[in-house]
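According to TrEMBL, the feature transmembrane segment maps to B:12-31, B:69-89, B:101-118, B:138-158, B:170-189, B:195-223.
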């Protein structure tokens, strides 16, 4: 019974949910039933389903519609073949509970139609009530339906949405003389024309007065005064009060609109800023190229400077060596010359000195002779 | 039907069923019920603005504890206002002309303020019985006088409301009776009386509003002292 009921739940629930406008509640019920039905249905076979259907047939209440045969889960538009008809007859006959004929006509309609189950097996009462609520309510007399509505409110399948509310009409109902709706005049217009309601009013008033249904007493004077005050007040301040109320509403709207507009404005400004930033980003490549060039030049310059420095240092060191050598040679030369001179001077013995001097004197004499001769 | 002068003050009943409850509950029907809407029609907007106005006025002097009284004070104000103003229409019954109702409103509320004060700050609340800076000789007399004035507050509240409204209604009735009585014989004087009646009506409208305001204001003052 469980399998059959779940199977029926799964199938009819799927079919009805497709066409009805039920909400997640029914959908959850259907999906829960579908999950359960699928699990059960795939687990059991046709035979076990039939045996369970047979076992539960007599036990079900008379208003229970019999569960559809397990073959109903098969794809619906299948022409009834003889073999399937036989099998269906074999299954449906014991499980029919007297509902079907012994010939076991195939029930092709059961596969596709939604099940209008008013009351079903008690195991799945809540879900079926959920689905069957509108039809059931229509069947009840109105006062009972109202009571049922109230008590079953948590079982509603449609979503009670509070938003969006229908907008208020722009103007209130048209009223003539501040009291009588315009519809009354329109109502009387076809029969009595434009003056009809006024005639009616005057006639009624005079009737009440003349028949003393309304007695003119001191309250009439008081009524006249208070009505004068009221009408004067309304005429004088009515427009102002209405404008004040409208202003209050508009201020409310304006505050919120201002908020909205400000945030829109802020976002637009942000968009423009972003666009500017994007434009700036485009220019950044040139900036980076220039910077890269700069850096390359700096590096090159630095490199060259260092190269120069190295060269200079090396040259200095080499110059130093050269200078050292030159100095050394010079010193050696000088030293040599001095030594030679010293030695020469030392080597000049007195004998040599006398000889040289004598030679010089002879030379000089010779010279002087030559000069004397020349002259 | 012929009315005597005091028919308007008798508690209304129809076929033995007292109608005073209906007459007290009726003003609430005139107020629009709060709606889901954010922007409402003019009447709801004005009502909301008015209630906010009253609440702000009444509750600004009170401290945070006193704000618990916001609902009762505001609703009392609106209730009395509507009842008083509706009573000015012809053939209407004003429940506040009944001393029973005024005292029934004044007594418990005053007592509540007194007991709040005695419970939360007993010495301060008793200290109100002696104004500061009184000469020592006068203290006993002054304490007795202040106690009397304290105990007479609820009566004052209730009777003030009832007396003002009753007197006003009675005056309106008398002068309108005079107008009607003079009308056949001396229409000119009758018109003069009618003019007086008109002015009186304007006064009564003002009195109706002021009495409601004074009632609630005094209650809030008593509350301020004690809370």
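Counting begins at 1 with the first residue displayed.
Placement of Cβ uses the backbone N, Cα and C atoms for every residue, glycine included.
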At a Cβ cut-off of 8 Å, and with pairs 6 or more apart in sequence only, do we get at least 3 pairs between the transmembrane segment (B:138-158) and the transmembrane segment (B:101-118), yes or no?
yes
Cβ under 8 Å to the transmembrane segment (B:195-223), counting only same-chain residues 6 or more beyond its ends: which ones?
58-59, 61-62, 66, 69, 73, 76-77, 80-81, 84-85, 87-88, 105-106, 109-110, 113-114, 116, 153, 157, 160-161, 164-165, 168-169, 171-172, 175-176, 179
Chain residues outside the transmembrane segment (B:170-189) and at least six past its termini with a C-beta under 8 angstroms from it:
5, 8, 88, 196-197, 200-201, 204
Against which stretches of its own chain does the transmembrane segment (B:69-89) lie, if we need a Cβ under 8 Å and a gap of at least six residues from its ends?
24, 26-28, 30-31, 51, 54-55, 58-59, 62, 95-97, 105, 109, 161, 165, 169, 172, 201, 204-205, 208-209, 211-213, 215-216, 219-220, 223
